[in-house]
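Visitor: To start, I am sharing the structure in question, which I have written as structure tokens.
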Amino acid sequence: MSPASDGGLSRGRIWQVSLLSTLLIVATLVAASVQASRLFEESLRPDLRAKAETLAETVALQFHRAADLGIPVTRLGAADAYLDDAAAGHEELRYIGFASPEGRLLYASRELKTRPESFFDRVKQAHGQEESRGLARLEGALDLAHPVESRGRVIGQLHLGIDAGYVEQRLQEIHTDILITLFVTALVTIEVLMALMGLLVVRPLRLLHRLLALGSAGDFTRQARLRLHDEATRALAAAARLVRVLNARHAALTERAARARRGGRLTEAVEQALAALGARFRFGDPKAPAALEEPETGDLRLPLFIYLFGSELSRSFWPLYVKRLYQPGPFFSESFMVALPMSLWVTAMVLCTPLGGRLLNTRGSRVALLAGMVPSAFGLALTGQSSSLTELFLWRIVTAGGYGIVTATALLHVARTSKQRHGARSMGVFVGASTAASVCGTAIGGILADRIGYGATFGVAAGLVCLSMVLVGLLTPDSGPREAAEHRPVAAYLGILKRGRVLLFILLAAMPVRLVLTGFLFFLTPLRLHELGFSEAAIGRLMMGSFIATVLATPVVSLLADRYGWHRGMMLAGGGSSGLGVLLFASAEGSWPLLASVLLVGLGQALATTPLLASVPPLFAEECVGFGLDALLSVFRIIERVGSLAGPLLAAALLGASGFVRCAHAIGAGMLVLTAGLAAYLFVRSLPSSTPSPKAP
């Protein structure tokens, strides 16, 4: 079996096992979820009635005290306001009313006063026909009648209207959260199984195949570095022991021959045999053998996925969390202060991005990743404990610095280990892991914030980052021989920026996509949805649609871009899709149009981002030779992040000046204009050059 076919077969088997395991896990969770949903539905209505009865007893106590003091119930002037206050804060209640023993409505909360007089007559009739004592069904409400007594006689009756639609709404939210949890579980299961099978099954077997192939060719110079002790690794370890024994025996034989040669006891026949052995076989140093494995693109997928999963938990509620800590001041508006932490995040990340490349060169990928994950975990944990915007800004900067190191290390690792003909597919590993984490983090983060609060959700995020650190130590191999630290002067980076065609490409292709992502999707969307009455969980569910579109489209875009060379066309389609999605969101009303708009934005992100980095080496081959791919990508990422930095601030300025609709129109139209500019740029670049371009120094 050829390696190629073996690799294809391995990928096919990984998918089969992953999907089968996912189906089994999801089927088990579905059965448990259906049972839990049934139990919840059976207990919700009785619990609501019990809560209403408890509230009725509390409200009745005030009427009871007034009657005990000799105040007639018909002369309680502030009773209407009291009922309004009692009904406030209970979203399941429609109204509260107090009726005389004869059934005449005396006092009512604000909502009940808006009803016609005939409504209360129908309430009394419904109570007379209702089999369940004290609870009547009428016009989408459940009316609970609670008698009020004083000194052994009934002085009136309280009526509490329970919204029957509230029960259905709560059940629908629970069912939706269950479905989202199942979807996220399936996605996480696939990600984890794909990564683990690649690292624990396919990789050891591939190394074993390579070790045996080298041995059959007479090459025993390489040795596998074993980190785990599973079944596949034990098979590799057995072959590796044979290689070590051969190298040790060859070293002993060489040493004995050297001693015999120095003593003049080495015969010519032995010399010829040793020469023939050296010509036929190659042996390595048993004390410092060359590494068999080489860094691969998928090495970082699982730790990176878990890390980004934790980092994305706050995505759906972050502006709301900042807004809660905001205190009005004379200098800055609320929208600016809510947007500022997002821009500080990008600034800190940009400043720490070059550090990721330097650590990768000098210390290896494992140390570079851990150096970024430690401050991220620390910052996330303390972000949830912030009591002021100053503290929030500080810990956000710490978290962002670690995030910049981790993402820069991951991108450079992928760029170095990917093959030219699979450039977009290799970059799809990073894009796929980040977007899958965005789906899981956005959805689950919104649910957690709705259930356990903001602070505890940040604690969960910090725990996930700590888990990713453990996975880096266990599963991620070092990036190979360490290179000497390469300290490029600032002038080298400025030299890249002086290349007008490089800077123009970044301004037209990369920055607008980031501006839409941070300014519109991360900043404006949660604020707008919260303004429309969506809860944190509902905001997370809706925003998740954008990331789902990105996850599903990324592998397709990668495959088509690599197979047919559609990198440039994909980028243009992505810009158009993002712009149209923003324009649709500005005028959308209702959940489905809003969902369609964020789906278009998510599709645009996949189309524009996946082939973007893979297009850099062929578009700027001279710059790659002159300045190096690492330097070019570092500058690319730094300038690209300017769009991320400017996005929230620009959106906040437009929001404060013109309102949401005009702000969204400006962002969407600007995206379409810049996409048209990118099309013109790529068209001009495709024309044959009449003059040679200057070479990089």
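Easy rule for this one: first residue shown is 1, then count along the chain.
The backbone N, Cα and C atoms fix where each Cβ goes, glycine too.
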Visitor: Quick check on the annotations: TrEMBL lists transmembrane segment for one of 12-32, 537-557. Which range is it?
Guide: 537-557
Visitor: Quick test of your reading of TrEMBL: among 241-261, 367-387, 577-597, where does it put transmembrane segment?
Guide: 367-387
Visitor: Kindly say whether the transmembrane segment (342-360) and the transmembrane segment (367-387) touch, using the definition of 3 or more Cβ pairs under 8 Å where each pair is 6 or more positions apart.
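Guide: Yes, since the transmembrane segment (342-360) and the transmembrane segment (367-387) share at least 3 Cβ pairs closer than 8 Å, they count as touching.
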Visitor: Counting only residues 6 or more past its boundaries, what in the same chain has a CB within less than 8 Å of a CB in the transmembrane segment (537-557)?
Guide: 173, 176-177, 180, 187, 315-317, 424, 428, 431-432, 435-436, 438-439, 442-447, 449-451, 521, 525-526, 529-530, 570, 591, 594-595, 598-603, 605-607, 610-611
Visitor: Please tell me whether the transmembrane segment (393-415) and the transmembrane segment (367-387) touch - that is, whether there are at least 3 C-beta pairs under 8 Å between them, with each pair 6 or more apart in sequence.
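Guide: Yes, the transmembrane segment (393-415) contacts the transmembrane segment (367-387).
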Visitor: Between the stretches 178-202, 367-387, 454-475, 502-525, 666-684, which wins on the count of C-beta pairs under 8 angstroms to the transmembrane segment (642-660)?
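Guide: Checked against 178-202, 367-387, 454-475, 502-525, 666-684; highest Cβ contact count belongs to 502-525.
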